[in-house]
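Undergrad: Below is one structure. I have some questions about it.
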């Protein structure tokens, strides 16, 4: 008993000693509205722990005023840097100026703001158009010169991911007249809608026999569509190629079963590149680029989907 | 003649509502328009006010033929109407109501001072001393009624139609309203007066026109008519003594006691009272409006929970904590306000009659359609409910027939104790007599009845005993030969005086 | 015969919408047999209309009592989450179904008590669960899509029974059972009575309190069935999106079915036809292949046309127009011409 207490207190002392030397970073997160966002939070905490950074986490619950209050409190505590995933694009000028006056670098994660770019160190994010393009290019390589009629499941009508991922895909297949998008409808980014709309695509395209590939703006819709294809008596992944975006765990499960062919990752690991940039800045004042684009990595069945599923399933997706 | 109507005819699918009707109205007279429900009074008025367009016939106003197509047009021609339910806006001020649609303006804006002056001018001569800038809804129905008249007179100015204006007024308010009407008659307006209250007709009218089944029956000077002849005209047959008192000998026969209520009370609503009801007995509850009559009945039926008191019959104690419990104890209650508490308007006559019986049987044991049909047809015949068939929605029937449907609902339950709260209010004289006869008949068969009524004649005619209620207390009990108008009024007055002394 | 006359406007509307879709998608009415199951757009519509149709059954009863139940879309999410949680937790198929139905009944009980006992207006009372309930569902799923693989449970979403999709069988059976329950017993009459005049009904001895609670529980039960189907369909509970805004489609179905929002007379069959009309429009838009920007505009346009054509005022005009055509032009018109 005594020994245990002694041991525990020693360990605790060691940690406190380490923490005193480590950098402190404040992270103002939007909330936990989606699985992806939850994974981003988990990964940011993981990354901080690996690097010995003391991360102060604040959940804004979708409210900008909560984020501004959190940043002010980070400034008051004198943190070494601030990570901000902004809930909206506008209204950040004054609080960013306060951070600048206190000489605390701010790194934007995932989303951008409308403020002057000298108010923050850098922004880390993905390029939505590029993601679509990667998906399109994969399809071009996959089908070669064969005729391919593609159906597309769009995201929520009018949302920027839906618009950009559509544009990117069209860029990716541009110049390859053998590939044609024959039907395009919104599936609202949801599994249920993805399934329902895919069912009507199958009905409309000769029971699905005329469809060569499905491009879905997110994995959830693709998972729904895969079920619809199976229920129509076709083999997803073989009879109809499936390519989608996000790389959530469930699409790797489908890929491991041979029911999906490709997914483009929207990495929730925005913190890794952000900490890399901060390390360089702290070390010798290196100014990073104003926008650090995360890699839009393509995953196919050759990339050990079962392993990817295992490594991702507990991130909070 | 100010207004003449000749050969007016109006048909609705399946009915001839008006058949070659004539009607004359002179300037400076009050002309009563009488008839049973369904006689054609409302249709005639609606043709006059432009709500209906007649199929044939001619309306002449001031010598010119008119055919109003809307209420507004009728108003412009000079025909204004005031209904039983005041159709003004209670949440606007009196002035706004009076000036609505023709507000005095200054610089294009409504001038509130100008409006106040205008409103006060309009009310001049009506003997009202009220603040026109207060909301109309804060005044009594009688004052609202007079404001409505003032507005109608100001807008129209030749013919004023009063459609059951006194139905929700007390005696003093009626007198106040009649003074106003007499004043307008003196100014030379022609006034059409529709009412069920024959006393008021004799009190106010100069001439009477009776309609029956859509036809003109008679027009006569009021002085040339007596009550019985008037009722004969309305019913079309000589009325067997409408008011046939339960004769004195009847009373002496003690009725076997059936229900005992002791110390029934609810704080702030009614003070504790005892009541015994014999089998086949009619107990009358007399008293002014708001005296606690209805509240007593509501306590007995479990509609309001009693805070004290017990109820028992010959078998043992009864629980009366809800209408369902009271119904289980064999009670029935036909409430005062038929429309909100009695009928279920959109359901058919058949369904309304079967409703209470069905509720008692429970949802799982539906009354077979044929049985419902049989019940409905039986009561339609027995109570002479005027309806095209049993499937007609009750809301489409006239007031008296709605009341009969509510009665039929309870009779179908075969209750031992039936509470009737103002069963004859607002219904025509024929149905009135029928309902009183029905009470006789039911009590002869052994049913007991608690009758609440504002009409002393009615109470005296059917009651074995009358209990007088005043200021939320049962103050007197009259029996047998002791029941008369004088004794009841005396009981109320005496206690009023006592209260006065105590204060 | 009487029933047929009551349903005539809805049947005509449904046929008209089917005809319209066929113009844009000629294969609309094709039905074929494939692997022991019926396949075709019409079969898809029968299957896809299950959630709204089930909600419309409960909603019809609630609206008949002069109430409204805004919480049903959320109850779908809760019940789906409960079912998925139970399946994922290894409790087995029937436990999951029983728990989901229990959750639905509990939600209905909550609404019913707020409305009948506490006396909160139905729109406000059910709004509470509508807004709070999705949070409850998210707590159960921990904010993610809770997936499962149990083929037995998935049967409720994508299985077949006698060649028909199971969701279609569920809503049709539920509809028939409910309608028969209402008309073969006295429930229908009593529900209508309290909807038209609760006070008068209570005075006649109708147990309005218990009936009101029962009606909201029936609505909760229907929502639970819809929740089971929705979760089984995608083999997962999506607390954020399951049943989202479906309460509005259900109300629309009841209204297209010619039921008055003021309570009283109701027809479950007409509301179910309303749900079919809505789903036919939805599926028709997908099949016709319009760009998705037009989806909502087309749907709204068609609904407006349907409701206008069904309005009582227009029906009266139509009646008089037909009569005047049959009896020749009225004299007034002749005069106009003479002038």
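Note that the numbers count up from 1, one per residue, in the order the chain is shown.
Any Cβ shown, glycine's included, is placed from N, Cα and C.
Unlike curated entries, TrEMBL annotations are predicted automatically.
Below are the features I grabbed from TrEMBL:
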type	residues	note
TRANSMEM	C:7-25	transmembrane segment
TRANSMEM	C:45-63	transmembrane segment
TRANSMEM	C:70-88	transmembrane segment
TRANSMEM	C:94-116	transmembrane segment
TRANSMEM	C:123-141	transmembrane segment
TRANSMEM	C:153-181	transmembrane segment
TRANSMEM	C:202-230	transmembrane segment
TRANSMEM	C:242-262	transmembrane segment
TRANSMEM	C:269-290	transmembrane segment
TRANSMEM	C:296-316	transmembrane segment
Undergrad: Are the transmembrane segment (C:94-116) and the transmembrane segment (C:202-230) close enough to be called in contact, which here means at least 3 C-beta pairs under 8 A that are separated by 6 or more residues?
TA: yes
Undergrad: What parts of the chain pack near the transmembrane segment (C:70-88), using Cβ distances under 8 Å and only residues at least 6 beyond its ends?
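TA: Cβ under 8 Å, 6 or more out: 51, 55, 58-59, 95-97, 99-101, 103-104, 107-108, 111, 123, 126-131, 133-134, 136-138, 140-141, 146-148, 150, 153, 219-220, 222-224, 226-228, 230-232, 236-240, 242-248, 250.
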Undergrad: Please figure out which one of C:123-141, C:202-230, C:242-262, C:269-290 racks up the most CB pairs under 8 Å against the transmembrane segment (C:153-181).
TA: C:202-230
Undergrad: Let me spell it out: take the transmembrane segment (C:202-230), skip the flanking residues so only those 6+ beyond its ends count, and list any with a Cβ under 8 Å from a Cβ in it.
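TA: Cβ under 8 Å, 6 or more out: 50-51, 54-55, 57-59, 61-62, 64-65, 67, 69, 71-73, 75-80, 82-83, 97, 100-101, 103-109, 111-113, 115-117, 156-157, 166-167, 170-171, 174, 178, 187, 190-191, 193-194, 242-243, 246.
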Undergrad: Rank C:45-63, C:242-262, C:269-290 by Cβ pairs under 8 Å to the transmembrane segment (C:7-25) and hand me the top one.
TA: C:269-290
